[in-house]
Amino acid sequence: MKAALALEDGTYLEGKAFGAERGGLGEIVFCTSMTGYVEALTDPSYKGQILMMTYPLIGNYGVNREDFESDGVKVEGFVVKELCKNPSNWRSEMSVDELLKQYDVPGIEGVDTRMLTRKIRIYGSMKAAIGIGDVDREKLVRKAVEQPFISDIDLVDKVCVKEAKRFESDGDLEVVLVDCGVKMSIVRQLLKRGVNLTVVPYDFPAEKIKEMNPDGVFISNGPGDPARVKPTIETIRKLAGQIPMAGICLGHQLTALALGAKTFKLKFGHHGSNQPVKDFETGRVFISSQNHNFAVDTKTLPKEFEVTQINLNDHTVEGMVHKDFPLITVQYHPEAGPGPHDTYFFFDRYVDMLREYR
């Protein structure tokens with residue numbers, strides 16, 4: 001079946017459809033990972049976005065549910081140069097086409113992803129629309145233009161838990177994880193380190209968290225503009241300095257906002273598992289997995305914060321600690337899923353901090 005992709009600047013490309021036989025709307029972003037497409041498709045941080053892979057052949061090893069980062073596919077659409085129709089891997093349960101059909105998500109292949117990546121890199125992320133079948137070019141471009149900006153949509157509410165959920169480990173530490181769109185890899189890394197988790201919705205009141213008397217609080221990753229997630233910002237503001245706290249990705253941005261800093265939208269975001277991060281304490285450079293469209297504005301950080309890590313590509317903030325109380329955050333994804341394991345140590349630091357202040 002025919003398909004088409006339109007961008008808000010009038011770019012129009014024709015290709016072949018796969019996945020759900022319906023259209024899709026979202027902000028198009030490119031991901032530079034060569035593998036890990038299953039984890040990316042199921043990452044809640046991609047909610048509201050059409051995901052395009054820069055690697056030209058996707059789907060070779062199929063799909064395995066053990067690699068899911070959530071309860072299903074979260075992207076609004078999937079764009080690839082070429083889709084493998086006959087995956088071959090002993091773990092494979094289905095193809096990418098079958099996965100997208102199952103979760104009613106459209107895809108398009110056969111478009112020039114290299115050209116699109118260069119365009120987004122030069123002009124920034126854009127609103128986009130996928131059309132299936134006989135598509136009217138002008139109407140599809142209009143759909144791309146007229147959809148709301150990602151900054152105007154409350155995306156976290158669409159991907160977080162609706163009631164508290166419990167995960168038990170073989171340890172004795174108790175942590176409340178505020179779910180803004182948490183990846184299962186984060187949950188698994190904490191459980192491995194003897195942390196029992198109570199996962200609560202993003203708007204769970206700070207007072208109720210205090211009543212639970214946890215050893216620590218953890219603010220998760222998630223999609224969209226951090227400035228829209230006001231309930232979590234308020235929770236962080238009330239709990240910071242009283243309970244040891246950590247944040248990842250969106251949680252990092254929300255923590256900065258709660259304590260007086262500002263955030264801004266990146267030109268085309270960081271999406272992929274090959275982002276270099278420099279750690280100032282050790283002087284080492286780590287390769288990290290990242291998925292975010294916003295960043296913390298260094299110039300607005302209160303003096304109580306110390307920037308511990310930066311991105312070597314654009315020098316944006318990648319890590320922070322508070323000088324006066326136990327609070328650590330990182331912009332990248334230390335749990336990987338997918339990506340290198342260079343930064344697993346973040347979870348060790350968090351657990352050490354919990355035990356120190358217990």
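Just so it is clear, glycine is given a Cβ too, placed from its N, Cα and C backbone atoms.
If you check Swiss-Prot, you get these features:
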type	residues	note
ACT_SITE	Cys249	active site, nucleophile
ACT_SITE	His333	active site
ACT_SITE	Glu335	active site
BINDING	Ser45, Gly222, Gly224, Leu250, Gln253, Asn291, Phe294	L-glutamine binding site
DOMAIN	174-358	domain 'Glutamine amidotransferase type-1'
REGION	1-172	region 'CPSase'
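A C-beta separation below 8 Å, combined with a sequence spacing of at least six in one chain, links Gly222 (L-glutamine binding site) to Pro44, Ser45, Leu155, Val156, Val159, Cys160, Asp179, Cys180, Gly181, Val182, Tyr202, Val229, Cys249, Leu250, Gly251. Of the recorded residues, Gly224 (L-glutamine binding site) and His333 (active site) place their C-alpha atoms 16 Å from one another. For His333 (active site), the nearest neighbour among the binding-site residues Gln253, Asn291, Phe294, judged by Cα separation, is Asn291. Those residues of the chain, other than Ser45, Gly222, Gly224, Leu250, Gln253, Asn291, Phe294, with a C-beta within 8 angstroms of the mean position of the L-glutamine site C-beta atoms are Cys180, Gly181, Asn221, Pro223, Pro226, Cys249, His292, Asn293. Straight-line distance linking the Cα atoms of Gln253 (L-glutamine binding site) and Glu335 (active site), rounded to a whole number, equals 17 Å.
Cα to Cα, Glu335 (active site) and Asn291 (L-glutamine binding site) are separated by 12 Å. Averaged over the domain 'Glutamine amidotransferase type-1' (174-358), the predicted model reaches a pLDDT of 98.
Largest CA to CA distance in the L-glutamine binding set (Ser45, Gly222, Gly224, Leu250, Gln253, Asn291, Phe294): 13 Å, whole number. According to its DSSP assignment, Phe294 (L-glutamine binding site) is in a strand. Secondary structure at Gln253 (L-glutamine binding site), as computed by DSSP, is helix.
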